[in-house]
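Feature annotation from TrEMBL assigns Zn(2+) binding site to HIS74. As annotated by TrEMBL, domain 'SIS' applies to 33-176. Annotated domain 'CBS' per TrEMBL: 202-261, 270-321, in sequence order. Taken from TrEMBL, the feature site 'Catalytically relevant' covers LYS51, GLU103, GLU144, HIS185.
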Amino acid sequence: MDKLLDSLKKSLDLQVQAVKNIEHILNESFVDVINEIDKCKGRIIFFGVGKSGLIARKIASTLSSIGVASISIHPTDAYHGDLGMLKSDDLAVFVSNSGNTTELLGLINPIKRMGLKIISIVGNTHSDLANFSDFVLDTSIKEEASPIKLVPMASTTATLVIGDLIACGLIVKRGFKDEDFAILHPGGSIGKKLLTYVEELMHQGRDLPTVNLDDGFEQVLFEISSKRLGVAFVVDDGFTLYGVITDGDLRRILEKFKRAVFDLKAKDMMTRNPKIIEKKALAIKAANLMQKYSITSLAVCENNKIIGVIHLHDIMKAGVI
């Protein structure tokens, strides 16, 4: 058992070291690669074989997810007609550990003749692939993390991280925002978090629990009970928001005032300056506010007038959280 754990820890240490070594290539040359991808008018075309091919697909997928049009083509398919998909305004990216992969080297001249520049993410900067590339990112490592030193582990980890760093740089350079990401990810939890707005989930009209400033305890109790949101908002005749009363407030007030509670008005029972949100805000923002202030509902307001209420349960039912 100790021998097994020792080998796992050594493998992890070697992979961590491979990632740390990437820092030495974070320089102007790396920035030049990011700039070249950023200004590309066409698509970013990735090529790789074996494990490097899988990594090429992953990097292409990551870039596509942030709006950088990217695809991965297997070199064998490229040899048999898929080079026809390339255009002169595209940019080629070769991923290879050795830099001497025959399938990749054979594509250099055809791609160059088509007018494309080549970026190589390569583990051997003295290789033929590196020598014929316009830009080179060095993924070389001191030692593979596998016990037999033949299975790519540290090298693949380093290459994956470099791909993510390219994506990171493009996110910063292009000012890519959450909203941009949401447009490209309309499905799943990401889409729901970034595309669901308060106005889509809020209760309004007759479902909005409101009481007037001078309404008594019975009216407040009825409004909270009938609307089933655990809250009533205190307004004037023009729906200007003044305060909020929760079902918990009613219990505490009843314990404190006993029968005298029926002499109280809503304005006497309310908590002033309730938390509010705009209808155009994301529902996830509403959820975060509720969590921050330990509440379960927010008034939705425009120009200090209440137009709706959003409850934590509505956000949960929508799958936002």
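Just so you know, the numbers here start at 1 and follow the chain as drawn.
Heads up, the Cβ atoms here are built off N, Cα and C, so glycines get one too.
HIS185 (site 'Catalytically relevant') sits 26 Å from HIS74 (Zn(2+) binding site), taking the C-alpha atoms as the reference points. In this structure, the C-alpha atom of HIS74 (Zn(2+) binding site) lies 25 angstrom from that of GLU144 (site 'Catalytically relevant'). Classification of LYS51 (site 'Catalytically relevant') by DSSP places it within a helix. A simple way to gauge crowding: the CB of GLU103 (site 'Catalytically relevant') has 17 other CB atoms within 10 angstroms, across all the protein chains here. In the structure as shown, the Cβ atom of LYS51 (site 'Catalytically relevant') sits within 10 Å of 16 other Cβ atoms.
Note: the domain 'SIS' (33-176) comprises 67 helix, 24 strand, 53 coil (DSSP; helix = H, G, I, strand = E, B). GLU144 (site 'Catalytically relevant') sits 14 Å from LYS51 (site 'Catalytically relevant'), counting Cα to Cα. Residue environment of HIS74 (Zn(2+) binding site) contains 16 other Cβ atoms, counted within 10 Å of its Cβ in all protein chains. Cα to Cα, GLU103 (site 'Catalytically relevant') and LYS51 (site 'Catalytically relevant') are separated by 14 Å.
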